Structure formats: C-alpha cells, structure tokens
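According to TrEMBL, the features are:
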type     : residues                                        : note
DOMAIN   : 2-80                                            : domain 'Trans-2-enoyl-CoA reductase-like NAD(P)H binding'
BINDING  : 48-53, 74-75, 111-112, 139-140, Lys244, 273-275 : NAD(+) binding site
SITE     : Glu75                                           : site 'Plays an important role in discriminating NADH against NADPH'
DOMAIN   : 82-317                                          : domain 'Trans-2-enoyl-CoA reductase catalytic'
BINDING  : Tyr225                                          : substrate binding site
ACT_SITE : Tyr235                                          : active site, proton donor
DOMAIN   : 323-386                                         : domain 'Enoyl reductase FAD binding'
Amino acid sequence: MVIKPKIRGFICTNSHPVGCAENVKRQVDWVKQQPKIENGPKNVLVIGCSTGYGLASRITAAFGSGADTLGVCFEKEPTEKRTGTAGWYNTAAFHQQAEEADLNYHSINGDAFSDEIKQQSIDYIKQHMGKIDLVVYSLASPKRKDPETGELFSSVLKPVGKQYTTKTYHTDRDEVHEVTLDPATDEDIENTIKVMGGEDWERWIKQLHDAGVLAKNCQTTAYTYIGKKLTWPIYGHATIGRAKEDLDRASSALDDTYQDINLKAYVSSLKALVTQASSAIPVMPLYISLIYKVMKEEGTHEGCIEQIYRLFTEGLYADSPELDDAGRLHMDGYETNEATQAKIEALWDRVTQDNFHELADYEGYHQDFLRLFGFGFENVDYDADVNPKVNW
Ligand code: NAD
C-alpha cells in the first residue's frame, strides 16, 4: 500500500509505519548521544506510552537509563487494508529498538482507565519486573469509563465563567479565524476533572501499591500544562485547567498516603508542543506556531524528547530539584518567561490570515504535525509500497 497523509480537521486519520519508526529512531538516537542519566530509573511503567510526552518518557527511561519498561496505551491495530494508529507503529518501533539494545520491554494495549488493564499490568510486573521505581502518567483522553459505576464521562475544552472569543488556526484548511467558545457548565467542569484529573492516577498507584509492586523510594509523575495569559482562557483557567489543578491535589494525597514506601509524586509542567492531544485544543495550534517562531529565534526550542530528558536530569533524578510553591517540577520556563511571552503576545496581536505564514513558524508547525503520523521525513520514500500490517 502507498500511504499518503489524510488530514481531517485537527487530525490525520492514517499513519505511515516507516515514518513512525523514523520518528522513534530519531528520539532514541538523540537520547543515546546524551550523557547517561545518573541514578536514573531501572524499572519503569509508562501509562500513555505510545505518542507525545509518554513515548518520550519511555525512550528516555530505556535509552538514557537502561530501564526495563512496561508501556500502556490505547491504539488501533492495522489490518491488511487499513493503517494502524501512529501510536501502534511507534510502539512496534520502540520494541525493535529496545530489542536491538538488549533492553526488556512489554506493552499492553487497552483502556488504562479500566481495572482489567491495571491488573494485567500488575501481573506482568510481578512475573517479569519485580518492583517499579518510576510510574509516568501521561494519558490524554477525551473520555473515561468509571471502573466502579460503568458511567462514561467526556471531557470538554471550554472556558470557565464567560464566553470567550479568540483567534485560532485550522490545520487542515491553513486558515486563521475567530472562534467563540461558550462557557462550561458545572457538569462540564466535573466531567473534565473526572477524565483528566487525578482520580485515575491515584487508582493506579493504589492498586500497584496494594499489589506490592512499587519499590521503596518510588517516584511518580503526571504531566500538566500551565502556560500564561494567552492560553489561560482556554487552558489554564478553563475546564482542562481545573482538571490539571486536581492533579496537584492528587500528588499531595499520594505523598501523604504512601509514606510507607516514601513515594514521591510530582506534577511536572511541560511546554506546549505539537502532539495529537494539543492539536485538538482551540488556540493551541496558533499559539504553538508562534512560540516555535520565537523560541527557535531565541535558540530555546525543544521537542518532547528534549523536554523529558531535562525533566529526568534536572528534575526527577537531580539531587535537589527546583520546585514551585505547589511542589511542581517545571520544564516550561523557556516558554513562560516574561520576555519570551512579551514577544509572543506582540505577534499574537498582529497575526491574521494574511501574515500568518510570515509571523508564525508555519513550516515548523506543519512538519511536526505530519511527523506525529510518520509523514514529512525527507529520508522516507512515501511513494514506496509498504505493508501496513506491522505486529508487536
Ligand atoms: P498524546 O495524545 O500524544 O498521548 C496520549 C497517550 O495516552 C497515548 O499514548 C495514548 O495511547 C494514551 N491513551 C489515551 N487514552 C488512553 C486510554 N484510555 N488507555 C490507555 N492509553 C490511553 O498526548 P500528549 O500531548 O503527549 O499528552 C500527555 C500528557 O502531557 C497529558 O497529560 C497532557 O495534558 C500533558 N501535556 C501536554 C502538552 C502538549 O503541549 N502536548 C504540554 C504539557 C503537558
């Protein structure tokens, strides 16, 4: 099958196995070139391991610290006629790289919110890994089925308090236009917290702890985006921000509850980057294409892998990591500092459909977007016939 990108709205509905493998390889190669992570993790569980920040976490743990990794993800398997999701191919490529490097690895494909998948993970850890010393929680999902009641909750991306009109960028149509978002109801906020808040993170840690598979001094982290003024109305102070605040509650509760193993739970604030999750959030594609422009000029641009390698070396495995007042780790300072934000705000005020390609890093944004799905790599032959049916 010859596979060309099929972009629909903010998503690409197919993916390229060879390009996804190239995406993983580049991240692995980059980590291999960095110094080994001192006193890094050895037995790692990554929940949401197949794309974006979770994939980068798995790669960093494995290739930066020689860790055995168990990954959990929710991806679609390919058939002879239909490509799998990018996360499927990324996971297959990760397995291959780990195999070649003689690292132990295993992945479980299924709903991480369910107790079945938690139990499968625990069973695997008991049989093959012993005890886990790092749990990375990197899920981004629009819905969650409550494992106790069976009720399905959907998250929404809406402002809180009042209607909000702003600019946004339509990836598919290459168009900057205005968007008006209605305020969330109380129910919307509660549902979003239910999906993207800390409850499931706590449930994972409880079940892992009760099964005796967490090592003494185990660390766990969940990822957040805090951002600044430009994104607060739709992110930080919006429904998703409320859910992320709930992660702060959960991290304190986890520290308090699992003192017997001296568990350390961190919320880690990362920079805005093109991922499947962020592409779906109104405002973010436009904001990200502007920060790419400014941060590349400043020489501070980073992708997922650079962010996560720094999180491990300067945060999770540093002797005395810097924490904010809420006890969070921050890798987002190059984006959120005042000088950089002032430049981005100035561009934001000026950007229109007509000057978008000139003011924003349109090419950089698009290239990263395509690469999420394995397209846009200059060394991949996209006219070649490839077999979409890749197994792992
Ligand atoms: P992503 O869409 O690239 O990755 C999501 C991962 O979750 C995938 O591995 C997917 O398979 C998995 N997943 C989703 N639903 C699942 C389910 N029910 N069961 C098992 N696995 C499931 O997203 P991302 O941008 O890497 O986001 C990861 C975390 O990082 C999120 O908490 C997000 O808020 C946070 N974050 C993202 C950004 C950004 O700009 N992208 C910035 C800061 C923080």
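Yeah, the Cβs are placed from backbone N, Cα and C, and that goes for glycine too.
Computed from a predicted structure; not experimentally measured.
Sequence features annotated in TrEMBL and their locations in the structure.
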residue: Gly48; record: NAD(+) binding site; DSSP (3 states): coil
residue: Phe74; record: NAD(+) binding site; DSSP (3 states): coil
residue: Asp111; record: NAD(+) binding site; DSSP (3 states): coil
residue: Leu139; record: NAD(+) binding site; DSSP (3 states): coil
residue: Tyr225; record: substrate binding site; DSSP (3 states): coil
residue: Tyr235; record: active site, proton donor; DSSP (3 states): coil
residue: Val274; record: NAD(+) binding site; DSSP (3 states): coil
Where the C-beta lies under 6 angstroms from ligand 1, the matching binding-site residues among Phe74, Leu139, Val274: Phe74, Leu139
Leu139 (NAD(+) binding site) and Tyr225 (substrate binding site), Cα-Cα, nearest whole angstrom: 13
Inter-residue Cα distance where the pair is Tyr235 (active site, proton donor) and Val274 (NAD(+) binding site), in Å: 15
Integer Cα-Cα distance in angstrom, Lys244 (NAD(+) binding site) to Tyr235 (active site, proton donor): 9
Rounded Cα-Cα span from Ser50 (NAD(+) binding site) to Glu75 (site 'Plays an important role in discriminating NADH against NADPH'), Å: 8
Residues in the domain 'Trans-2-enoyl-CoA reductase-like NAD(P)H binding' (2-80) grouped by DSSP into helix, strand and remaining coil: 31 helix, 15 strand, 33 coil
